[in-house]
Amino acid sequence: SNQMLKMSPRLLLLLLIFAGFTETELASADGEYLIGTGSHDMTGPAAEVNLMGYANIKQNAAGIHFRLRARTFIVAESETNGSRFAFVNLDGCMASQLVTIKVLDRLNSRYRFGNLYTQENVAISGTHTHAGPGDVENAGINRSPSAYLANPPEERARYESNVDKEMTLLKFVDAATGKSVGAFSWYATHGTSMSRDNKLISGDNKGAAARFFEDWFASNSSSTAAGKPSPSAAVNIDKLVAKAGTVKATGGETCRETTSQGFRVRKDREFVGAFCQSNVGDVTPNVLGAFCVDTGKPCDFNRSSCGGNDQLCVGRGPGYPDETLSTKIIGDRQFKKAAELFTSAKDELRGKIDYRHVYLNFTNLEVQVEGKGTVRTCPAAVGPGFAAGTTDGPGAFGFQQGDTEINPFLKMVRDSIKKPSQYQEDCQKPKPVLLSTGEMFDPYPWAPAILPVQILRLGKLIILSVPGEFTTMAGRRLREAVKATLIANGGGEFDDNTHVVIAGLTNTYSQYISTFEEYQRQRYEAASTLYGPHTLSAYIQEFNKLAKQMARGERNSNASTLSPPDLSSEQLGLLIEPLGESPPDGIKFGDMKQDVAQSKDGHFKKGDRVRAIFWSANPRYDLLTEGTFAVVEMLQGGGKWVPAFDDDDFCLLFKWGVDNKTGSSLATIEWDIPNEASPGVYRLRHFGSAKETVVSAVGYFTGASNGFAVA
């Protein structure tokens with residue numbers, strides 16, 4: 001479906017703080033809604049920090065594939081004190097409870113008048129990168145099809161596929177000018193196109209889709225050419241090669257803290273395109289299927305293993321064996337569907353802005369289940385199928401998905417850490433408890449107990465903010481239940497045209513939510529369903545309560561006083577800050593260690609890779625937020641160099657490493673020359689920062705390579 005919002009022309013400024021998140025604009029006055037969109041760089045440390053998602057202790061950051069961004073939209077009713085909410089979509093693995101708490105604290109300190117932004121009306125959601133109706137074809141398949149088949153056949157018969165192929169897109173348009181200012185879409189596929197061996201920070205396929213979408217919109221706007229280099233009118237290869245030969249490396253030079261920001265290619269863009277996550281639990285972007293790496297044959301259907309070894313069963317993306325290409329392809333498929341919906345959007349949204357939110361202790365919820373009476377959720381626990389991992393990222397040796405027993409040795413190891421209570425073992429059945437995380441509290445709780453449940457309403461669009469990963473069928477059941485409750489209690493305000501979407505991994509993270517039937521199979525998603533077999537029923541029950549309140553215009557008079565703990569003061573950090581460094585004697589930061597090697601025929605062609613290595617420093621001294629570590633510059637008339645590509649481009653990689661002989665840091669820049677690159681003279685430039693000692697001030701440097709010709 002494609003939903004469209006209109007806004008009035010008068011703009012106000014709203015500062016929304018999120019770890020450096022800057023500003024978003026709001027329209028006001030005579031429009032039906034006030035609308036704001038904003039985006040900010042949130043790329044983290046590009047060296048030595050473990051990447052989130054695969055739980056691979058060897059997967060430490062060593063560069064940037066392309067930058068991560070936080071994108072947000074805010075909608076508000078135009079009248080004074082009208083309802084509003086903010087939705088933030090992160091190029092991150094998930095929202096964390098601690099980040100949510102700190103963002104709300106910052107908002108509360110900035111907006112001291114009233115409760116403008118609270119946990120009630122702010123949603124922070126993750127795209128689920130491991131390094132956000134139109135059908136999207138071949139951007140995701142079910143990675144646990146045997147578990148899906150456990151669902152009732154009459155229920156499965158209602159759907160054409162074992163994954164949701166629907167994308168919902170929300171388009172924001174200025175009512176006065178007709179200018180589009182943003183679009184947010186929801187579609188379920190895992191951010192696991194980049195593998196567990198990747199060490200470059202990456203927004204994965206959803207971050208790629210957002211980059212492609214925003215670039216596509218910019219290329220179709222009148223201001224596209226601003227800041228972009230101009231192509232040569234005519235190409236004389238010999239002259240290009242000769243000119244490139246006169247351009248020598250600059251050597252390392254000092255620069256200002258903000259210098260790299262001036263070399264960004266994408267500056268002052270107003271349009272924001274976000275690709276949000278949905279009920280992604282069992283959906284993989286590795287659409288070619290899972291195969292045994294030793295034989296090349298398909299993996300065991302029920303256990304996703306090869307001869308009993310889970311580590312040999314690995315999914316293949318459409319660009320196999322090139323994971324970067326797979327990321328691009330899956331991102332491109334989502335982008336193209338979003339662009340199609342964006343172009344054809346005509347169904348204008350109208351109606352109330354509303355929201356409901358509650359914190360609940362999910363470790364002991366009483367749930368009414370038809371045919372079973374009163375049941376309860378359990379303290380959090382994971383089973384052995386969790387340790388087996390998935391076809392996107394195989395886990396530990398000796399485990400398989402679907403394991404329903406734990407061998408005596410592993411039980412002994414488990415019990416030495418924390419023996420689960422008998423109540424826990426009974427409550428979690430048929431899941432055998434591998435780790436009773438809900439009963440483990442040292443040095444702080446191993447699993448969340450208090451979870452947020454939230455509903456956001458924008459006219460007939462209903463967004464369900466869920467703090468985990470619902471499987472395909474679990475998400476379908478939740479959407480249908482909430483829609484039915486709204487229709488039954490809304491007095492005609494809700495109908496079949498009411499559209500419900502799930503925003504996965506929002507506000508905090510509590511792993512997976514499978515159906516009761518899938519839980520019996522104990523594949524990865526079920527083994528990671530923390531609160532026992534009735535977890536989904538608990539969510540449906542509690543979301544229905546909020547939906548009934550929303551439909552009837554009621555507020556919860558007996559609202560819970562629960563709130564999640566702020567554990568920031570108890571966090572353990574094992575990574576030491578960089579202590580200071582210097583390049584080898586006679587060398588400056590930004591000098592070339594290995595300059596661009598000229599090609600055999602004197603120039604490079606589209607599709608070639610250009611590579612250079614600079615003497616550098618640990619990129620953790622300064623993250624260069626809204627700046628860049630790497631730039632491709634193009635020579636213009638009058639000897640002026642203009643940035644053509646930066647480290648937010650898919651074709652340009654920044655890699656950090658250490659020289660084996662000297663122990664000094666190295667920065668490698670690799671440019672895969674894209675089709676859109678114009679013929680001309682280019683060079684590679686690096687930016688960085690360093691401290692000589694732990695107490696020194698941070699200094700900034702840059703350096704550029706020899707020139708080279710592209711024809």
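Cβ coordinates come from backbone N, Cα and C, glycine included.
TrEMBL entries are annotated by machine, without manual review.
Taken from TrEMBL, the feature signal peptide applies to 1-24. Look at TrEMBL and you will find His128, His190, Glu469, Tyr512 tagged as Zn(2+) binding site. Here TrEMBL flags 135-541 as domain 'Neutral/alkaline non-lysosomal ceramidase N-terminal'. Annotation source TrEMBL lists domain 'Neutral/alkaline non-lysosomal ceramidase C-terminal' at 543-710.
Positions of the features from TrEMBL, shown on the structure.
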| residue | record | Cβ neighbours (10 Å) |
| --- | --- | --- |
| His190 | Zn(2+) binding site | 29 |
| Glu469 | Zn(2+) binding site | 29 |
| Tyr512 | Zn(2+) binding site | 24 |
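Across the domain 'Neutral/alkaline non-lysosomal ceramidase C-terminal' (543-710), mean pLDDT in this model comes to 93.
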